[in-house]
Amino acid sequence: MSSILKQRVRYAPYLQKLRTAEQCVELFKHGQYLGWSGFTGVGAPKVVPDAIADHVEKNNLQGKLGFNLFVGASAGPEEGRWAENDMLLRRSPHQVGKPIAKAINTGKTKFFDKHLSMFPQDLTYGFYTREKENDLLDYTIIEATAITEDGSIVPGPAVGASPEMISVSDKIIIEVNTVTPSFEGLHDIDMPVNPPFRQPYPHTTVDYRTGLTAIPVDPSKVVAIVESQTRDKVPPNTPSDETSRNIANNLLEFFEHEAKLGRLPENLHPLQSGIGNIANAVVEGLADSKFKNLTVWTEVLQDSFLDFFESGSLDFATATSIRLTEAGFDKFYENWDTYSKKLCLRSQVVSNSPEIIRRLGTIAMNTPVEVDIYAHANSTNVMGSRMLNGLGGSADFLRNSKLSVMHTPSARPSKTDKTGVSCIVPFATHVDQTEHDLDIVVTDQGLADLRGLSPKERAREIITKTSHPDYRDQLTDYLDRATFYAEKSKCLHEPHILQDAFKMHLNFQENGTMKLDSWDKKF
């Protein structure tokens, strides 16, 4: 037992349950239902999952030792290793990484995505364990950075669905990460209370705290304490580029316009932002803008938010995860006293709560796969079928925020077309967010304000303002043709030609380009 482990584990009876990761392997059997802590690649267990993968590889148990795995969102590289070893029978609700995406799209792993605000509560309802006799997860493996005097768990850089998983787990294994500094005091934990006893959330500001800083645990459920000395491994963030900066500039001009007209306050409303180079560009733009005293209510914070804090423009941020690179975490730890006063990590049912999002009037900003001319957005399935990562929390925010923004390049790079694949299409091949959820669509070409517009008005606005010039005439032609035929059949509300609606996608699959010679082309 290391001295730092003894210092971190302040509940003495747990020290009698010390095990190595290898000693825990015997506890796991094929077909079990497992919960892991973690969210967006940080705060997940590491040494126990790796020990199980070692066991599978050494004994050629690929496909013979598999599990139903539930994580708040994505975990770290450990779940990718599980996917490579055919150890994931079922996975939910969100994932990131080529190995697991391959397992899902080749049919080896059954995957279902779910709104991240709903997933933890549905887990406590027994919806995902209803095939089991006791409705419980067999094991939850949770990473802690400290354990309090009463046995409660202090998470690390992610809370996610850990409170709910612990509440519905038969047995619990705690990995105490001693290479990561203790995050004690940074969290605000809400334990699940199911209907009809659930009460309204009291949060009225982004810095409101209920007061619980660790996750309560029934000590009798804890079967092992394992020391971990493995840091989170987050790949470098995609830097902003000219396209993403143009998107950010278009959006910031809109914010300035709305503030000038009094539809937004001078410090805006609490901001929600996703991950990626567009999100980075927006954060960078806000840090350099005239907007001050800003606040954030979001799912995940990345490295750019540290610079946002340092700019003096950001007062406080709430999230369920801090997804930082190694350099980002080093910077965070070095300035702990500064950042910890301006930051709160919450359960994902709180960070993504539609009730709180609507009350605070957040501004939601997310990136889709594609948006169609009537403002339906596809966030998950390329060409309607190939799963990327999952829905995540985008719809939690987009349906409930005061302003719901979809930002996307007008076209994405393609190996077979110099313009790329159009992100504005006649008809989305899969719909995650409907036309009723989006207020703004913004690309590097411009911004379409859709508030209060009819479908045909939205279509003209989206095509004219946001589509790539190389696709604009083609999309306009589709809308004109659809309107012509719809007028004949008296169905002009939202005109479509079903036999043409996916021709851009079909042409890309057959010919490597979304550019059509003619809409009369047959497939």
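Every residue gets a Cβ built from N, Cα and C, even glycine.
Keep in mind it's a predicted model, so treat the numbers as computed, not measured.
Around GLU299 (active site, 5-glutamyl coenzyme A thioester intermediate), the C-beta neighbours below 8 angstroms that are at least 6 residues distant in the chain are PHE39, THR40, ALA73, LEU116, GLN272, GLY274, ALA319, THR320, SER321, GLN348, SER351, ASN352, GLY392, GLY393. What Swiss-Prot lists as active site, 5-glutamyl coenzyme A thioester intermediate is GLU299.
In this structure, ASN389 (CoA binding site) belongs to neither helix nor strand by DSSP; it is coil. According to Swiss-Prot, the feature CoA binding site maps to GLY274, ILE275, GLY276, ASN277, ILE278, ASN389, GLY393, an assignment based on similarity to another entry.
There are 28 other Cβ atoms within 10 Å of the Cβ belonging to ILE278 (CoA binding site). For ASN389 (CoA binding site), the same-chain residues 6+ apart in sequence whose C-beta sits under 8 angstroms from its C-beta are SER74, HIS94, GLN95, VAL96, ALA101, THR380. For GLY276 (CoA binding site), the same-chain residues 6+ apart in sequence whose C-beta sits under 8 angstroms from its C-beta are THR238, THR367.
Local packing around the binding-site residues GLY274, GLY393 was summarised as the count of other Cβ atoms within 10 Å of each Cβ; on this measure the leading residue is GLY393.
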